[in-house]
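Straight from TrEMBL, the features:
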type: DOMAIN; residues: 12-173; note: domain 'p53 DNA-binding'
type: BINDING; residues: Cys64, His67, Cys123, Cys127; note: Zn(2+) binding site
type: COMPBIAS; residues: 165-174; note: compositional bias 'Basic and acidic residues'
type: REGION; residues: 165-215; note: region 'Disordered'
type: CROSSLNK; residues: Lys176; note: ubiquitin cross-link
type: COMPBIAS; residues: 190-202; note: compositional bias 'Polar residues'
type: DOMAIN; residues: 203-239; note: domain 'p53 tetramerisation'
type: COMPBIAS; residues: 239-248; note: compositional bias 'Basic and acidic residues'
type: REGION; residues: 239-276; note: region 'Disordered'
Amino acid sequence: MRKRCATPRLPSAFSELLKKLYCQLAKTSPVEVLLSKEPPQGAVLRATAVYKKTEHVADVVRRCPHHQTEDTAEHRSHLIRLEGSQRALYFEDPHTKRQSVTVPYEPPQLGSETTAILLSFMCNSSCMGGMNRRQILTILTLETPDGLVLGRRCFEVRVCACPGRDRKTDEESSTKTPNGPKQTKKRKQAQSNSAPHTTTVMKSKSSSSAEEEDKEVFTVLVKGRERYEIIKKINEAFEGAAEKEKAKNKVSVKQELPVPSSGKRLVQRGERRDSD
């Protein structure tokens, strides 16, 4: 199945980059269906709206109370309406309460490879009491008369006042890379969770001198008490060895020079006598 991309002048526009349909309230959006082979006789196309995010997926997508009261149609609570066909049927699952609309599949007209259906979305994405700015997906399924699913496609939908403007804004936001690929908060959290045992090292003081490298102080963050104790013991061993080496060097430097029995100071190599 594929969605027809509308021009900015039309009340709907589809983003191939985001796989997202932008459309105006109660305005017709053409959707083209392309099949690889002819379905069995009596096949139907079904359109169902669901919430995209996991925390909302169990909720049923319905129109807001305000738009429902303004409508007199029998299926006024349905968000998706199928236009241009008198054979459209509206359903509500008795168990899940999810709403859908079906239309019999019709083969493409002569000279065309696709079958077009016309969908209208009867609430804005921002409607209080309805979608309330929650993202939705429209699921299109090709089914046999017995309900066997033969094919399925889904795409995100945003019902707004300016489809062309919103599509352009979203596409630009998704492709902005000021300093390389832009990472979202979720992606950063996923990266940190994928390597939970990574040790983080933060340099608290920098020095360009090679002699001062041993004086630099580092803070090491370790996950887990057991690993902390191991690293602590290793650090203490290095500290002890460093103290011994430091003390050894200090003793060798402070060794006193031998004094002759006559009380005169010995002249070291490279040192001149006073008489000279």
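Yeah, the Cβs are placed from backbone N, Cα and C, and that goes for glycine too.
Automatic, uncurated: that is what TrEMBL annotation is.
From a predicted model like this one, the values you see are computed outputs, not experimental measurements.
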Residues sitting within 8 A of the centre of the Cys64, His67, Cys123, Cys127 CB atoms (Zn(2+) site), not counting those, run Arg63, Pro65, His66, Gln68, Met122, Asn124, Met128, Gly129, Gly130, Met131
Mean pLDDT across the domain 'p53 DNA-binding' (12-173) comes out at 97
Across the recorded positions (His67, Lys176), the Cβ with the fewest other Cβ atoms inside 10 Å is that of Lys176
Whole-number Å distance separating the Cα atoms of Cys127 (Zn(2+) binding site) and the residue listed as 'ubiquitin cross-link' is 29
Cα-Cα, Cys64 (Zn(2+) binding site) versus Lys176 (ubiquitin cross-link), nearest Å, comes out at 34
Min neighbour Cβ count (10 Å) across binding-site residues Cys123, Cys127 flags Cys127
Cβ neighbour count (10 Å, all chains) around Cys64 (Zn(2+) binding site) is 19
